[in-house]
Amino acid sequence: SPYIKFVDNKHMKTENFSTVTEFLLVGLSRYPELQLSLFMLCLIMYLIILLGNSLLIIVSVLDSRLHTPMYFFLGNLSFLDICYPSSFVPPMLIIFRTGKISISFLGCILQMVISLGLGCTECVLLAVMAYDRYVAICNPLRYPIIMNRVRYLHMATWSWITGYMISLVQTTMTIVLPFCGNNVIDHFTCELLAVLKLVCSDITINILIMTVASIVILMFPLLSIFISYVFILSTILRLNSAEGRKKAFSTCSAHLTVVILFYGSALFMYMKPKSKDTKVSDEIMGLFYGVVTPMFNPIIYSLRNKEVKEAAKKILSRHLHLLKI
């Protein structure tokens, strides 16, 4: 094994360190009696995620009435909700069935970059969607001008760029640190905090940057969502039309439900005091954050949105008619 030399003013000391080429994901493998049940549960939820979000994307693309900024952002959210669980659920299912808990160093780093980038992107995207609803409800006459095609394309693009810039910075700062042979990750995925626990050098800077990034990517978007909805609710309450209030509440309540589910689990994971860390709660919240929320998103938007339901029925009836012919 390669070795590293430490030199100080008093003496020189040589210690042997093993090179880390793979990691062991031991999180959910501690419950062998639950492996089959967890496999079936995660597989069913993953299939629902793929089906629900894919249908939402297809409906928003095929129905011309849904070619608006709101459904463009919703399509981005659905694509994101497909990609995020896909970064760790298939390997997790393999672990449940084969018991092989190892993942290569490169595979772990890629998983960390992708999942963290998607999580950060969703934070920004939800804030962008709140701004879109603010303009649509509070400034309806100027909405086509403010949310023109160029602007909403730029907003979506910068959501992805911002998310992955933050992910690349934090991941790069982690992988350059020495792991010293410790390769057992006490989690079911290569989550940033779990990987940092394996580092055998000072991670104060990493924790500081992670805290700042968490505040920027979690608190700032959440604050902008809160401010947007203060104006939205005040505008809705002033509407004279009961039907208009109902439609506005229906659209906004779907987005607010998604925001609460996503930010609630994210804040619990990344902003809770370190003294509150528990392995079981972290893993349960990780599953909720990574699997349950993406599964609920298309259900929430389809059930609470009359336009989506009508578009889905129209497309379904058209295809059934073609099959009969």
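Going from the start of the chain as shown, residues are counted 1 onward.
Here the Cβ of each residue, glycine as well, is placed from N, Cα and C on the backbone.
Here is what TrEMBL records for this protein:
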| type | residues | note |
| --- | --- | --- |
| TRANSMEM | 38-59 | transmembrane segment |
| DOMAIN | 52-301 | domain 'G-protein coupled receptors family 1 profile' |
| TRANSMEM | 71-96 | transmembrane segment |
| TRANSMEM | 102-131 | transmembrane segment |
| TRANSMEM | 152-169 | transmembrane segment |
| TRANSMEM | 203-236 | transmembrane segment |
| TRANSMEM | 248-271 | transmembrane segment |
| TRANSMEM | 283-303 | transmembrane segment |
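For the transmembrane segment (102-131), the list of distant contacts is 20-25, 70, 73-74, 76-77, 80, 83-84, 87-88, 91, 155-156, 158-160, 162-164, 166-168, 170-171, 174-175, 185, 189-192, 195, 213, 217-218, 220-222, 224-225, 228-229, 255, 258-259, 262-263, 266, 289-290: same-chain residues at least six beyond its ends, Cβ to Cβ under 8 Å. Averaged across the domain 'G-protein coupled receptors family 1 profile' (52-301), the predicted model reaches a pLDDT of 85. Counted as Cβ pairs under 8 Å, contacts with the transmembrane segment (203-236) are highest for 248-271 among 71-96, 248-271, 283-303.
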